[in-house]
Structures are given as structure tokens and as C-alpha cells.
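Taken from Swiss-Prot as is:
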TRANSIT   1-67  transit peptide
DOMAIN    86-149  domain 'HMA'
BINDING   C97, C100  Cu cation 1 binding site
BINDING   C300, C302  Cu cation 2 binding site
Amino acid sequence: MASILRSVATTSAVVAAASAIPIAIAFSSSSSSSSTNPKSQSLNFSFLSRSSPRLLGLSRSFVSSPMATALTSDRNLHQEDRAMPQLLTEFMVDMTCEGCVNAVKNKLETIEGIEKVEVDLSNQVVRILGSSPVKAMTQALEQTGRKARLIGQGVPQDFLVSAAVAEFKGPDIFGVVRFAQVSMELARIEANFTGLSPGTHSWCINEYGDLTNGAASTGSLYNPFQDQTGTEPLGDLGTLEADKNGEAFYSGKKEKLKVADLIGRAVVVYKTDDNKSGPGLTAAVIARSAGVGENYKKLCSCDGTVIWEATNSDFVASKV
């Protein structure tokens, strides 16, 4: 069960202007706006599978095409105004008919930051291009009355590791932190926590994923550029703001952060907003998670559980 649930529950990458091109061109114009244009084309996303040799070839051919050149100029103008870069996010949704497809698309297209939505009914997969956080998309899908599981996030490019996740499993603090590689120089970070004390908490990436003594054994702040004076430590993630219910949400981006270098390290949350040298309040190990086109399994190979038979208790008990 562990193999499917980890990749389903914990998958989450951010597109800088230069790397938005392959997604923008490859993404099918299947939203309501494209249906009014008889000349629009719909692309099959089967090439996004990592096992397909077409993946890298298509990305390269799109970038070098005249169409890509035209879109590059247009997207560079608009990308500077966006708070967050775009990502391709995949959900598996329990859909059985075209009515389900329309309900899902119509709901998602009302969310701010979503540019395109494509639904693959045969595989029960919904692909979303946009800058909206996973939390907003998940809530929208739940409001349609259909079961949905996040199965992948990133960009259709040949990164060594495109996505990673850290799960906080209690007993008091629960949460999920998702990292997604947008370009070689940019990563997107999204986090949800419950069970924190109200107020401001500092948080960071520490060197080691050793939880033998909890956060105290995770080492010091991750800072591969420590020889460069005047630069902020790469592992410093700033602060989290927990509301009166102890819930905190974060969505941001980090330059020079490479997701592949984070695997095996730890995310640590601290009690206050100015103490990253203390033992820490809680910690979780950063593990690889599924990127785009990497996780279409509906059946767990370890115990035969179907994805829709999994209960909420099988997943991290946090509002993510």
C-alpha cells in the first residue's frame, strides 16, 4: 500500500518564463475557450510518460519551433507580472462519463491562476496548467463530489528529480511540504500545516534527514553557498504564519534551489520566528515524489488496494 499512497498523497514545481514554453505549447487547448475555435488542436498527453522516448524529443522540438519562438516573446511579457510561475499538475479523479468531465472542467476553470484544463476520461486523469496552489485545486475537485488524488506535479522536462515531498505525521503537528523544479535555477514550494501554535514560526531545510532525536539530529541549516558572503542561506525558507486554529499555508518560490539536492535532507519547523539554531519543533525527511506522467497506477502492488478504496486515514491527516 505504501508505494501507491506515498506517491499519490505527496506528489507536488514552478515554471520560469524560459521553461514555460514546452508546457504551454504541449498543453491541450481543451478548455471552454478553445472549443470556440475550430482550428484549435488537442494533443494527447501520453507522451508525458517517463517511459516514453518521445518526452524529451517533443520538448526539444517545441522549443526550437517557430511557434515556440512566438510564444516565448508573449510569455516573457506576462510572466514578469505573475507572482508564481506555472506548473503542470495531475490529479486522478473518479470520473465515469462526459458529464463528470464537464463538471470537473467547469469547476476548475473558475479558479484564479488556472490557464488550461485537460481531462483524460479513459485514464481518469485531469491535467491542469497554471499557478494556482494544489490546495485550491484539490478543494475545487472535492466540491464536484468526486474522489480525487494528486498524482504528479512539475514540468515535462528531463530533470533528474522534478518533485519532492516532506510529510509531517504528528502526533501533534501534521502537514505536507511539496517541492517542484520549474527550471534549473528555480523551484516552487507549497506547504500546509495543522496543529501549530498560533503565530509566526521560522522554518528551513536542514542538512540531514536523521530523525533519531527528532529535529535536534537534523544538523545545521542547509547552505551549499556558505563560502559566498552576503548571500541568504539556501535552506532558509522564511516564516510560516499560523492562524488561531493552528493552520498555516505557504506558497512561494526559491531561486537556485535544486530539488534533486534536497532528497534525504529534512524540513524543520521552529517554535518562534527567529531561532533556527535551536532543536526545532518538528521535522520531516524530504523524499522523492512523482513528477508529470510518472504515476498512473490505480492498483497498489503491495496489497491490491484500488486507489478509490483508500480512506482519508491512509493519507496525511492534514488539510492539504
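Each Cβ is built from the backbone N, Cα and C atoms, and glycine gets one as well.
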Helix, strand and coil counts within the domain 'HMA' (86-149) (DSSP): 21 helix, 23 strand, 20 coil
Confidence summary for the domain 'HMA' (86-149), mean pLDDT rounded: 94
